[in-house]
Ligand code: SF4
Ligand code: SF4
């Protein structure tokens, strides 16, 4: 049995998550778990380690979806609550709707694709180490404080609506406050006064485009976007936001031995 | 460049009659105080922080370090520190950094509390003859125990057997109520951590990782280690959470309540970067709040997420700084599925804190323990959660008093470092610790032998454990359980009525 369906109707989150563990324990070969009638159950996929596992969720999962997750793919046919991908290690989260605040919080690896919008403080404190480079791709827009204290990884904001049309200039404020690693790519123009302290607008180069291209292509594939839309996204004007320095607050404190 | 204006705080003198010019001091001093010039050792006193490494290592006892008080005009208000800080800030325009805990002369309540002892009635117990129970369990305790009675046939007879129905939450089992506090790898050297790890294993107790992740060489000791999750989430992944014996969420720290941590990029070496899982040379910033915690419900969510990630098998602690609101926060923590609340007082040390925080923010740990214990009792929650106290525990009497005021166990930080040789010189933030404790420089780190360090720390814990047994015996108690929150065993000396009331103790003579 490679596919298992769990009806989550009226289930407490502990019960649901225990069910998932039980399925995996009893049947290590299972490749897909389908969760029906999910309504706010938290911590789905938290700490799961299995690389070849896909969890499909119908409904709205609760907070901390896929927290500390290492490997699986989670597909949400609906919106997600706050902090999907919190401190995630590896794997993929695909959200067909929008997601709440602190999406991809402290993410350390893997990818999160959100078709709609994300809430406040998304991508906050994402970090990278060696080949672990977390990626957050947002189809619509982000609320304020996107990429705050970002320490590594890539955030991409596509700025399109459900049909793939332009949403106009992004509105978020305090983008990249305290950023000291990684980069935020926003399609379209961003004013300097939308940036937070320690963030800077850097030249968007060919290398940057090469870097983000595979993730945009993957986004289009997940959400079935046409070649036209994809090409338009790739050929748009992009703004790159990156740290002024790796040590934004280095000068704030007393130097060693004055 | 703006000149410093600050005269040396200490005066270093090398007695030429004793010195044999071995030049050891020039190597031992990581601050560059000593230098050989011709047939003399010249000392730059202005670089000296009185860490005493040269004094301790000089084979001829030729070095003297004194406070350099004479160079200042004395003044009751504008003391040396106040003036020196202004000169330094006028020079740099920076936030002053400092190490270790609050250095102000606030009353030390531990020293104004005395212990009671038995005389004739309820006689004292001889711990050499009688067993003294110091075993402590940290974690949730059930409100009551429920049993199922099942009939079993044994040898043809029907016997009713009681089986425990209540599910007991996972607890940490301590042989002594003394643990080693969370100090991060990064702030401390690997050899300091190894010393602690070996010592806690030997003593049947636990140490904390701090927020720097768990370095690989510590893996063999992981079942004696409490891992920490701070706002920076450094080194936190599923493996890290599963490895430790328990998990601690750090909300606040006694040395710097209300602010986060910041390990400057130049200290993020290859090893530190591998443990924290961030690139080399990049700042390791833990902002003041956790990004996902803006309410007590959010905190409960993080507690539960850590429990979920570890399949509800590990106790989760929440550490807060001792602040006046600690009792209300502790109630919130107690209702959140957390297993222990850690209260860290303002004497608690740190590798680096803005001096203004270290010296002026937070409240004494003695008051905080008593107030938290009292409030949890009033709410009927005290038995649901353990209390761990930390921040300025200097001796076994402090441990004893902390437990009598309401703690289950204590964390020691500075005391464990002093056991390793630390001189509380307060310059840990420079990363140049000459004792190899608060540094990552390989040549300094290797000065601390983890075997010797472990022995010294284990000796300290064992010595205090013996003393606690003696104190228990004197109090006519044979188990630490009976001491917890037993404020009747304490009396205040030189405290006003309000202070006695907050501490919940009587005045001496009462
Ligand atoms: S260590 Fe002592 S004896 Fe050796 S050079 Fe220094 S002061 Fe002289
Ligand atoms: S750890 Fe080192 S630098 Fe810090 S106070 Fe102790 S001796 Fe001084």
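Each Cβ is built from the backbone N, Cα and C atoms, and glycine gets one as well.
A quick note: this is a predicted structure, and the numbers were derived from the prediction, not measured.
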- Message: Given that TrEMBL assigns B:19, B:22, B:25 to the [4Fe-4S] cluster 1 site, pick the one from B:58, B:94, B:118 that the record assigns to that site as well.
- Response: B:58
- Hits among B:19, B:29, B:48, B:51, i.e. binding-site residues with CB under 6 Å from ligand 1, come out as B:19
- Express the distance between the Cα positions of residue B:54 ([4Fe-4S] cluster 2 binding site) and residue B:22 ([4Fe-4S] cluster 1 binding site) as a whole number of Å. 12
- Near ligand 2, which of the binding-site residues B:29, B:48, B:51 have CB less than 6 Å from any of its atoms? B:51
- Query: Given the [4Fe-4S] cluster 2 site residues B:29, B:48, B:51, B:54, which other residues of that chain have a Cβ within 8 Å of the mean position of their Cβ atoms, reported in sequence order?
  - Reply: B:12, B:25, B:28, B:30, B:31, B:33, B:34, B:47, B:49, B:50, B:52, B:53, B:55, B:65, B:434
- Query: Where among the binding-site residues B:19, B:29 do you find the Cβ with the fewest other Cβ atoms within 10 Å?
  - Reply: B:19
- Query: C-alpha of residue B:22 ([4Fe-4S] cluster 1 binding site) to C-alpha of residue B:29 ([4Fe-4S] cluster 2 binding site): distance in Å?
  - Reply: 14
- Message: If I take the Cα of residue B:58 ([4Fe-4S] cluster 1 binding site) as reference, which of the binding-site residues B:29, B:48, B:51 has the closest Cα?
- Response: B:29
- What number of additional C-beta atoms lies within 10 angstroms of the C-beta atom of residue B:22 ([4Fe-4S] cluster 1 binding site)? 15
